[in-house]
C-alpha cells in the first residue's frame, strides 16, 4: 500500500491547520489517511525564554525578519523525519505556483512547507538549505499559512481517491493551458437567460468544439499572458510533429 501524501508545516501558528482542509474533500481524505498532516511550531526551536523568532532587518527598515538559525533548526528537525520530501517556502518573492507544479507535487510523497511571516526570512536560509521559494500570486498576505493551505488544497484534490471521478480535474482551468469553459446547470431559463442551445443538443462533438472556443475566448480576454503562452505551444506542435516524422523516415 502506498504511503499517504505527507505535509509537514513549519509555522508560528500551528492552530491554523488543518483549518478549511479539515472539511469537504480534503477533510474526508485526511480522515481516510489518503494524506497526512503535521505541524512544526517554529517557536519551539527558539532558545530564549520569550521564544523569539525574529529580529530587526539589517540595514534598517520597517518590520522584523525571521531568523535563519531558528528556522534552520525547525527545518532540520522536519527533514530528519521526512528526508525524501521537497522543501517549499511560501513567500511573495518566490517562483509563481502553476498547475503543472501542483500536479508534480501531488504525484510525489508530499512536501515540507515553511510559512513566512513579518518582512520575510533571512536570505541565508535559502543559501544554506535546499528550499524552493513559492508564491501564489502578486499580492501580500499576513503570513504564509493561507498560502500553504492554498497550495495543499490544490495538491490534495489531485491525489487519486480524493475526487470522485478520475477525470474530474482534467478539464479545469490551467490543465490544458487555458481557462476552463463556462459552466451551466438547471433551471434552463433564469432571469431571461437560457442555457446555450448547444449544451442541450446532445451532440458531443459540437459541445466539445463550443467548450474549446469558449475556453479560448475567455483566456484571450482575461489572461492574455496564458493566451500568448498557449498560442506559442500550439504553434510549436506541428513543427515538433514534422521533425519527428522526418526522423522516423
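Even glycines carry a Cβ here, placed using N, Cα and C.
Long-range Cβ proximity for residue 140 (S-adenosyl-L-methionine binding site), meaning a same-chain Cβ under 8 A and a gap of 6 or more residues, is found for 92. DSSP classifies residue 140 (S-adenosyl-L-methionine binding site) as coil under the three-state reduction. The annotation S-adenosyl-L-methionine binding site is assigned in Swiss-Prot to 116, 136, 137, 138, 139, 140, 141.
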By a simple count, how many Cβ atoms lie within 10 Å of the Cβ of residue 136 (S-adenosyl-L-methionine binding site), its own Cβ left out? 20
Non-site residues, in chain order, whose CB comes within 8 A of the mean position of the CB atoms of 116, 136, 137, 138, 139, 140, 141 at S-adenosyl-L-methionine: 92, 135, 147
